[in-house]
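Visitor: This structure is in structure tokens; I'll ask about it shortly.
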Amino acid sequence: MGGGTACACALGGRGGAEAATRARWAERASSISFASPGPLILTQPVWCSWFPASSRRVAAEWAFGVRVVMAGYEYVSPEQLAGFDKYKYSAVDTNPLSLYIMHPFWNTVVKVFPTWLAPNLITFSGFLLVVFNFLFMAYFDPDFYASAPGHKHVPDWVWIVVGILNFIAYTLDGVDGKQARRTNSSTPLGELFDHGLDSWSCVYFVVTVYSIFGRGSSGVSVFVLYLLLWVVLFSFILSHWEKYNTGILFLPWGYDISQVTISFVYIVTAIVGVEAWYEPFLFNFLYRDLFTTMIIGKKSYKNNTLKHNSVYEVLVPFFSPCLLFVLSTAWILRSPSDILERHPRVFYFMVGTAFANSTCQLIVCQMSSTRCPTLNWLLLPLFLVVMVINLGVASYIENILLFTLTTAFTLAHIHYGVRVVKQLSSHFQIYPFSLRKPNSD
């Protein structure tokens, strides 16, 4: 955008102050690179009317400034873009289920897709199915009591739908890379897009599975599920931490096994009912204990070839996730209204979204061979909220803080994802969801 870009302003009143505002923001906007050049319209948001008349101009100017900065904000640095140009995919998959069953299956399935279909569309479709399952189950089991004795259970047909969609989502996640190689459209953006969405899918997947057992006398407590969620999150980031330090992605066995098993368990639940999971299947070992064991039973891998020399640099990617765990756990333990018991689904989602944002930043650094940021700025508002909670607040205030923080994290993460995809699409001169090439002009 050039310095002569027109800036229309409607701030209530006309005069020197408004002219100065237009000139000031036109100058600031001229230094920002936008994907789609065009005129900036400085309008007064509806919420500006909440302010006194004397403050509306300032509020509108601030809102416009935020829109200008965020619309053109670039998360990927020039150094990282240069690193993406040199990136080569390197992964190791030793899982027999994946090698001998799923990959042959995916090789057959991918032939069904037309060659004009962009791999990222397949990836995104699978992610949307995971999100749909999360929302679908939230409707029938909002507080995780539907599987408990004496409560209205989730209809059998819902388990069938969720099981089928979960397996389809898993299949789409397996064929997107094959479609990219089939259409000769493999790019670093595709891998980043795939793994970035996978990092966010962790919370959707775990929380949806929780409804099979739920909480109550026959289920798993919300705090135990919180800890199990963290096992899954740390297991996910471990693979990318290994790649950050070794340059090789060691694919975990747990992912394929858990996806196939859980898809099957959903279908079985529809046939035998949730009551079947109440009974022990071996001595006094309950199915809920098997669920816990399956989540905890993740692979571990040690490699002595590290790209970073100091222990500090090797461990930097864990700083933000560990701090997130400390802060979120402190909130649970110090909550005056027992926030996890009251709003477990929202709390899980808040944690999972913040974690996904930190993981995506690690993946960008890992793929571009640049240093991972020490801390994620999203943890600052969480830290402030925990400090306020520690001082003691009313229950309704704590609820507002949780929902506000969750909304802010979600919007911030979506903005991050959209901007990163736009930056890399522009850098590689491709469309993210189409195999057509942009015009050279």
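Using N, Cα and C of the backbone, Cβ positions are placed for all residues, glycine too.
Model, not experiment: these values are computed from the prediction.
Features from TrEMBL:
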TRANSMEM  116-137  transmembrane segment
TRANSMEM  157-175  transmembrane segment
TRANSMEM  219-239  transmembrane segment
TRANSMEM  260-278  transmembrane segment
TRANSMEM  314-334  transmembrane segment
TRANSMEM  346-369  transmembrane segment
TRANSMEM  375-393  transmembrane segment
Visitor: Quick one: find which recorded stretch in 116-137, 260-278, 346-369 has the most Cβ pairs under 8 Å with the transmembrane segment (314-334).
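Guide: Most Cβ pairs under 8 Å with the transmembrane segment (314-334) come from 346-369.
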Visitor: With pairs restricted to those 6 or more apart in sequence, evaluate whether the transmembrane segment (157-175) and the transmembrane segment (219-239) have 3+ C-beta pairs under 8 Å.
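Guide: Contact between the transmembrane segment (219-239) and the transmembrane segment (157-175): absent, because fewer than 3 Cβ pairs are under 8 Å.
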Visitor: Are there residues at least six beyond either end of the transmembrane segment (116-137) with Cβ under 8 Å to its Cβ atoms? List them, or say none.
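Guide: Those are 154, 158, 161-162, 165-166, 168-173, 175-177, 179-180, 183, 185-186, 189-190, 193-194, 197, 200-201, 204-205, 207-208, 211, 431-435, in sequence order.
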